[in-house]
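In what follows, a single structure is set out as structure tokens and then discussed.
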Amino acid sequence: MTIYNFSAGPAVLPKEVLEKAQAEFLDYATSGMSVMELSHRSKEFDEIIKGAESLLRELMQIPDTYRVLFLQGGASTQFSMIPLNLAQGRKAYYVVAGSWGKKAYTEAVKLSKTIPFEPICLASSEPQNYVEIPSFDAGAIDPQAAYVHVTTNNTIEGTALYQVPDTNGVPVIADMSSNILAADYQVEDFGMIYAGAQKNIGPAGVTVVIIREDLLNQEPVLSSMLDYRIQAENNSLYNTPPTFGIYMAKLVFEWVKDLGGVAEMEKRNREKSDLLYDYIEQSSFYTSPVLHKKQRSVANIPFVSPSAELDVKFNKEADAAGFKNIKGHRSVGGMRASLYNAFPRQGVVDLIAFMKKFEEENA
Ligand SMILES: *Cc1c(COP(=O)(O)O)cnc(C)c1O
């Protein structure tokens with residue numbers, strides 16, 4: 001039976017990448033050692049981390065005025081690091097368009113009890129259950145504010161922000177965890193971009209941060225590990241970095257480059273997701289909660305059947321048929337197909353055939 005992994009993260013990785021890692025597993029570049037056994041200060045690892053950075057710079061066309069960091073603690077640690085480093089004594093705005101954006105805002109509020117800054121919820125679609133990205137008036141933003149935080153892809157709710165909003169000149173910070181390298185953004189439109197690796201970049205354990213140099217904190221913060229300037233000055237080697245994860249990220253970057261880069265990935269992802277959206281749209285059995293067509297995520301596609309009981313049945317039968325991890329997030333229920341870069345088109349075609357059959361048997 002073919003297994004298709006629809007997991008939202010940790011997610012499917014390109015088979016070619018896993019095979020390359022397997023082939024090099026015991027002996028990396030004739031070093032006689034596994035990547036996991038290499039010193040993070042060795043010549044071999046230096047080439048890996050520099051190679052990963054330069055590939056990412058090439059793929060995303062990252063200008064020289066930005067620093068690229070490979071950190072730990074997941075995207076969630078960035079929820080605290082961002083205000084800690086950038087917001088002290090200032091205002092920090094949050095656009096809350098999904099559960100992750102809400103978490104980022106909630107962490108900021110928590111931190112503001114001990115660090116002086118003012119987190120402000122600029123707009124929220126929480127009352128609408130996040131079926132759309134909320135809009136806001138740029139004129140309401142204090143131009144002296146530290147940043148406006150957005151989530152480019154709402155992993156749980158299936159909406160995405162493709163047009164970077166007008167923020168009255170205030171830098172935009174984007175949580176790009178679930179659509180980095182899957183949709184084509186201009187790095188210059190952002191002050192900072194960050195992403196946990198486990199959706200589109202590699203295994204869990206690495207967090208990519210791309211930050212404009214002039215936004216690096218001037219003053220040391222609370223802890224060295226949480227200090228962007230210290231991390232940048234040490235080229236992400238202030239302490240032992242997640243070496244194997246960075247190596248895997250490098251292999252994934254090579255794979256994306258070989259396939260034609262980010263624009264090509266976006267094209268393929270749109271094609272894959274359109275297949276599923278088009279099917280859902282013409283169906284009278286399945287529905288997608290996403291309100292606006294132009295806000296549809298190409299990475300995560302939530303959908304439901306006519307009842308919660310049928311959703312349970314769908315998930316059970318889908319799992320048995322090899323469609324793994326298609327159950328929706330525990331907070332929203334239903335189903336969710338995550339179609340990241342490494343997810344094959346054939347998996348979408350086969351899923352649609354399964355959905356048709358399920359509809360016929362249960363309508
Ligand atoms: C998965 C996800 C996170 C959380 O990432 P961790 O690495 O588990 O902390 C944050 N934001 C978004 C948009 C996500 O998809």
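These residue numbers are counts, starting from 1, taken along the chain as shown.
Note that Cβ sites are derived from N, Cα and C of the backbone, with glycine treated the same way.
Going by TrEMBL, these are the annotated features:
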type	residues	note
DOMAIN	3-348	domain 'Aminotransferase class V'
BINDING	ARG41	L-glutamate binding site
BINDING	ALA75, SER76, TRP100, THR155, ASP175, GLN198, ASN239, THR240	pyridoxal 5'-phosphate binding site
MOD_RES	LYS199	N6-(pyridoxal phosphate)lysine
ALA75 (pyridoxal 5'-phosphate binding site) - helix vs strand vs coil (DSSP): helix
Alpha-carbon spacing, THR240 (pyridoxal 5'-phosphate binding site) to LYS199 (N6-(pyridoxal phosphate)lysine), which is rounded to whole Å: 23
Pyridoxal 5'-phosphate binding residues ALA75, SER76, TRP100, THR155, ASP175, GLN198, ASN239, THR240: largest Cα-Cα distance, in Å and rounded to whole number: 30
Rounded Cα separation (Å) that holds between SER76 (pyridoxal 5'-phosphate binding site) and the residue listed as 'L-glutamate binding site': 27
DSSP three-state assignment (helix, strand or coil) for TRP100 (pyridoxal 5'-phosphate binding site): helix
For the recorded positions ARG41, LYS199, the one whose C-beta sees the most other C-beta atoms within 10 angstroms: LYS199
Among ARG41, ASN239, THR240, the binding-site residues whose C-beta sits under 6 Å from ligand 1: none
All-chain count of other Cβ atoms within 10 Å of ASP175 (pyridoxal 5'-phosphate binding site): 29
